[in-house]
Every structure is written in structure tokens, then in C-alpha cells.
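Just dropping this structure here.
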Amino acid sequence: MGDQKESLRKITHTLAVKNEELSNFACSLKQNLENLEANSNRVQEDLESEFNALHAVLDEMKENMLTRIKQERASRTYELQSQLSACSKALESSEELLEVANQTLCSSETDGFAQAAKEIKDSVTMAPAFRLSLKAKTSDNMSHLMVDFSQERELLQGLKFLPVPATPEIQVSECQVCDNTVTVVWTMLEPDSKIDHYILEHRRTNHEGPPRVREDYPWMVVEGIKETEYTITGVRFETRFMTFRVKACNKAVAGEFSESITLETPAFTFKLDSGSSHQNLKVEDLSVEWDSSGGKIQDIRKDKNKNSPMHSPARSALMSPKRAPSARPGRDRFTAESYTVLADTLIDSGQHYWEVRFDKESKTFAVGVALRSLGKFDQLGKTGASWCIHLNNWLQQSLTAKHNNKARTLDCIIPNSIGVYCNYEEGVLSFYNAKAKQLMHSFKTKFPQPVVPAFMVWNGSFSVVTGLQVPSVVLSGQRKNSNTSSSNASLT
């Protein structure tokens, strides 16, 4: 019976997964249909706009060329008509002189003939007919304004849709995830010299399978990539995976996106357990500020029903901190001088890394790890249930490594932020200058139980950075210094 139930559970799980895949695929198809309708309308509008623009250019060119012909004809007509008018007047004058000359020749009178002949000669010398050019000032040929658009017609007949770049293919085996950077590499199946750039899109996800239509995170876009690889730096891995896709673009149009690929982005992420933190610590997301007025209790009161007598201000003022609601059942709120807040995620295997940025003017600050069973009155480093680095600003500033109420002063510059490395199996807890990645101190121990990141602050503040991978330089240093120095051994 038990085996049958287990078999049925597996079948049920398989069906549930398949149903989710089918539902996701159906949503994807619906989205594709909507996109197809919108994209079809868009390209149709673009086509009509391009042809309208082409017609407008042709109409404008036609009008300009017709105007040129009309202007040329008008100019030549004026020149020829002016020359014709001058010629007509010269001809008329010449005919009158010819008639006078003929009459003089035919006259029988001898008196005055010499004078008349001389006058005719002088008139002929000054006559317009002999000063007028008998060559047309302009030609009647208009062949220089003829056109032949046969080549242009061939070009127009060759109009077609823009060539779309081929789809890239992401080479998963060459992609790398390291040091909170992701390098994505892709190739083109065929060389294309017209490709101008690539567009890479990526988004976070907690689903390993194909992309889902309804994802919790949006696509982030990287444009103008000139090479066939791109490295994204400084990424906080707050999800288990990242999905990538890329498309090629020429100067006019973009191609199709490649098949999406999903890369695992392993990193240690956690939240702060505000439900069990000291009442004087104001916890907001991954930031903590010491509040002498007891900000945590005040925040809890605001969330209560003000009209309820059970949660009246007078009654709330009498509530003990340990009775306040806790994010983890069974975990009392830290109280007294234990200004402590723990993470909500246990470390029971593997190597992990996180960073904390703190106010160096804090009166007291500590960071490390603790057992979940750390007492509500216990301060970090004062018992065997916690290991930490402790900053003290009383009288003079000091930085010490603490465990089991033993302390060792650290001779190093106090950084603005501290990186914490924990190797659970090896029992190694190391603290680094987060910026320089310089080792400040290491504990070598054997954790009796799973541990959690732990923090303490009094009269100060700090913020935690999670989603970080163990830096390569830290891993390399840990391998070189696998044997912790004896100076640290006394604190384990």
C-alpha cells in the first residue's frame, strides 16, 4: 500500500509539473497571438507610410522637373522672340532702303543723283540689317531635359522587405558564472557582415525550465553590443537562476531572439529575522538601526487594531518583549544587552559568503555566526554558541575576534565593510576586508549544529549584502591557508 501511494505521489507530481508546463505554453501561445496581431498592424502601417513617402518624393521630383522644363522654354522663347523682333525691324528697314535705291537708279534726273547715292550708301552702312547677327541666340533643342527612368524602374521593381539577421545561438558550454559576474557567449550560424550590433536581455527567475509568461521579474535590456559575448558584472544573485536571450540587429531591423537559456546562479541569500531581534533594533529589509525608543515594539503596535481593547496603548506598554510576535516559532526575542538580530536561513552545508557595511562610529558592532539556540540574553562571542568580530568604540576604538568569552585583538585597519566566509564542513569562519579581500581573522572549529549569520549593534547601524558568491580570491586564499594559524586556535 505504501509503495502504491508513493508511486501515485510521483505520478501526481509529474502530472502537476506537466500541467504547469502546458499552462505556461498556452499562455505563451496566447501572448504570441496578441503580439502577432500587434506586429502585423505595425509593419502594415510602416509599409503604407514608406510607400506614401516614396510617392511624395516622386511627385515632388516630377513637379520640380516640370518646372525646370517650363522655365527653360520660357527663357528660350524670350530670347528667340526678341531676336525675331529685331530681325523683323531690320528687314523692314532694309526693304525701305532697297526701294529707295531702286527708285534712285530708275530716275532719269541727273541732278542730285550723286547726293542721293551718297545718302543711300550712308544709310546702308548704318542699317540694322548689317549689324544684326544671323545666328540664333539659343537652340530649339530640348533633348538635355529628356529622361530615362528604366534603371529606376528596375530598382523600384526590386523593392522587397528588409533582410532580417539570422538568429544567434547561445553557447551554454562557454557561458560562465563566477564572482557575481555572468559571461554569455553566442555564435551566428552563418557570417553576416551587415550585423551592426546585438541586444541581450536577461532576467532573474526561480524556475529552471523554459521561460514563463508570468515571471516575477522583468527583462533587463543591454543594447549596442558589438561582440558575440558580453559580461554582466556586479550582479546580486537573489534568485536561483538567470535567463538570457540575444538577437542580432543590422542598421535597419532586428532579428528573432535566440532560444532562451537558463544559467544557475548559486549564492547565499537570507533575510533578517525581525521577529526575534532585540526590541531596540529597527529592522528594515537588510538594514538595521539601533533605536533607543524601542522601534520594533512601536512598529508592531502600529500594525495592531487600534480599536481593540486587547491592543490599547496602555496594555501594549506592559507587554514583555519575549511575548511579541516572532517570525520563528519557539525563538524568543533577544533582550537586555543582547542587541542581536539573526538571519532567517540556516547554514548546514557548503561554502557561503556575505558582506556587511556598518557605521564605524557605532558604540558597539559585531558580525559572525551563531547557533540557532543562542540564548536571548547572550551577547555574540560571549558563549560557545557564537563566533564573531567585535568593534568597540568605548574610550578607544578596537577590533577583536571573540568566541566563548575569549577575545583576541586584531592588528588591522578597520574597514568600511566586512566580508564573512563560512565553510560548514571544514569548520572555517573567516572575516575579510570586503573591498581589498584581505583576510582579517579566521576561526577553525567544528560546528556542533547548523549556524546562522548573526549581527549585533548598539548606538549605530549596519546593512547586509546577500546574493553574493564566494569570491575567487577568497577561495584561492582559503586553499593556500587551509591550516589556520595557532594564534587563532585559542579562540576556537
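Backbone N, Cα and C atoms are what each Cβ position is placed from, and that goes for glycine too.
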For the annotation coiled coil in TrEMBL, which listed range does it cover: 30-64, 65-99, 135-169?
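Going through 30-64, 65-99, 135-169 one by one, TrEMBL flags 30-64 as coiled coil.
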Tally of helix, strand and coil residues over the domain 'COS' (105-162) according to DSSP?
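DSSP classes over the domain 'COS' (105-162) add up to 30 helix, 0 strand, 28 coil.
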Suppose you look only at the domain 'COS' (105-162); what would the mean pLDDT be?
83
Which residue counts does DSSP give the domain 'Fibronectin type-III' (164-268) for helix, strand and coil?
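Result for the domain 'Fibronectin type-III' (164-268), in helix, strand, coil order: 3 helix, 46 strand, 56 coil.
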